[in-house]
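A short write-up of the structure that comes next.
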Amino acid sequence: MDDQYKNDHQNFVSGNDGSTFFETCFILTLMPISVLFQRVVFATFFNNDKFPLPLALRFILEFFFIIVPFISAITFTELTPFLIVGMLITCLVVPMFAQKNVTIYFKNPKETLLNLNSMRKGFLEEYRAFVMAATCICILAVDFQVFPRRLGKTETYGISLMDIGVGSVVLSGALVSRQSRSSLIEKQQKKKREEEEDDNDKINKTSSSSSSSSSALKQQQQQVLSRSSLMWHQVKAQAPLMILGFVRMILTKSINYQEHVSEYGLHWNFFFTLGFVSISLAFLKFNANISAILGVVLICVYQFLLNSFGLTDYILNHPRDNLISMNKEGICSFVGYLAIYLIGTKIGTELFKVRSSLTEWRKFATKLLISSIVFYILWILCEIYIDKTSRRMANLGYVLAILSINLFNFSINILITLITGNHNASVIAKSINRNQLFIFLLGNILTGLINFSMKTIYAPVEQSMIIITSYTFALCLLAFILDYKNINIKFW
């Protein structure tokens, strides 16, 4: 990459003050609304058990019903309200013209409840997959002029779509962490042990006693083993992220690729943040309640240091004269992301909690919505009295914004599951979830290749839209093929 274009590109993505809280929330709401739209259309026109929709055709239709509207919303933002209103009206009107009665509301309450309480939750799969899809789309789209500058990552203060995307990726990882699922895992293991003991008891009471003692001893040994090897397990599990972080760092330096230094620093990148956040959890093995409290204390202390001990001035103005100061943004913002992860484990525990009725799930969705509003009010108070929101520092305002917007999206996703009675994730969501890390890595590689093959910031609108849509389709298609072939891509 020649130096002149590199400087032009860096200037192109720099100096952004961001968008508004509501515009960001509005755009992100489009994904779950698109899922509702897709389900209603499928239930109306493709609800035939004798002639089920071919999987390949389903994938293509889902891409146009769910992914394409999001691409349109982030490139032509003025279309967003029309897309949302149009989809909602369609959901109300289209079933009226169906040849047979379409039952959308509570189609199968028992089955819906069973699957809402299962380990694999469709609404959570869709949330995580679409966070990743949105992230992959935006990391390329931001390099084109068709992508509004206000949606790109902010320079220092402000809030934007891409700012929220970064924190949402961290939060989505926390939601499905072992710590979040621990209570459900323990219940399943306990139930399995009880069933085994009952079976043994039927065979022989004596052997049952022996087996029970053996089982207890084995469990105790496994517990000791898990504690002693947790750190090594976490390091091994996060090794791919750390390796990718080093590979990205080396490549960007060696090929003179454009960098936004104020984002994470001179050497740090988002792969390091994700890896270190997960590894840190090995030292902080608490239950979800304590983790949430620790997360709150951590972000409050961090904000106090930013305001009262000159940490803000250090991050924004201190010269990059040693390894730590060269990467001050990445190192300091790590604290904010860790707080998001710790609080996220508590949210995940609530999501995985077994509920006895759909009414309880409706109450839970309402509780999430109210919590979202509370965090929004706290965010406003933080903006006025404490500090402006900053992704660069991952401060208190940033954490509150991440929690507010994501809890709002969770509540919508759960309500859509309750309304449609459809508990299965879409084909695209299921496919992306199988190989999330690989899709994210591939998205980064393709983004780099596209930036090297053309001067993206000078591309006309038509060419930009074709490239962004084709790139997204290629990622989704590969994810779909890997899932169809039952292939998991791992590097360890």
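Note: Cβ is positioned from N, Cα and C throughout, glycine not excepted.
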Candidate set Asn204, Asn451, residue annotated N-linked glycosylation site in Swiss-Prot: Asn204
Per Swiss-Prot, the candidate from Asn101, Asn289 carrying the annotation N-linked glycosylation site: Asn289
Feature N-linked glycosylation site, as given in Swiss-Prot - residue among Asn409, Asn424: Asn424
Same-chain residue ranges lying at least 6 outside the transmembrane segment (127-147) that approach it to Cβ under 8 Å: 9, 12-13, 28, 31-32, 66-67, 70-71, 74-75, 153, 161-162, 165-166, 168-169, 172, 175-176, 409-410, 413, 425, 428-433, 436, 439-440, 443-444, 446-447, 450-451, 456-459, 461, 464-465, 467-468, 471-472, 475-476
Under 8 Å by Cβ from Asn289 (N-linked glycosylation site), same chain, sequence gap 6 or more: Lys346
Same-chain residue ranges lying at least 6 outside the transmembrane segment (464-484) that approach it to Cβ under 8 Å: 55, 59, 63, 67-68, 71, 75, 133, 136-137, 140-141, 144-147, 427-428, 430-432, 434-435, 438-439, 442-443, 446-447, 450, 456
Stretch-level contact, the transmembrane segment (264-284) and the transmembrane segment (331-351), CB cutoff 8 A, at least 3 pairs: yes
Contact between the transmembrane segment (290-310) and the transmembrane segment (331-351) (3 or more Cβ pairs under 8 Å, separation 6+): yes
Intrachain neighbours beyond the transmembrane segment (399-419), with Cβ under 8 angstroms and 6 or more residues off its ends: 21, 24-25, 28-29, 31-33, 35-36, 39, 104-106, 112, 116, 122-124, 126-127, 159, 163-164, 167-168, 171, 299, 336, 339-340, 343, 347, 351, 358, 361-362, 364-366, 368-369, 371-373, 375-376, 378-379, 382, 389
Other parts of the chain folded back onto the transmembrane segment (156-176), taken as Cβ under 8 Å at six or more residues beyond its ends: 16-21, 24, 27-28, 74, 124, 127-128, 131-132, 134-135, 138, 142, 150, 262, 270, 273-274, 277-278, 316, 337, 340-345, 347-348, 351, 388-392, 394, 398-399, 401-403, 405-406
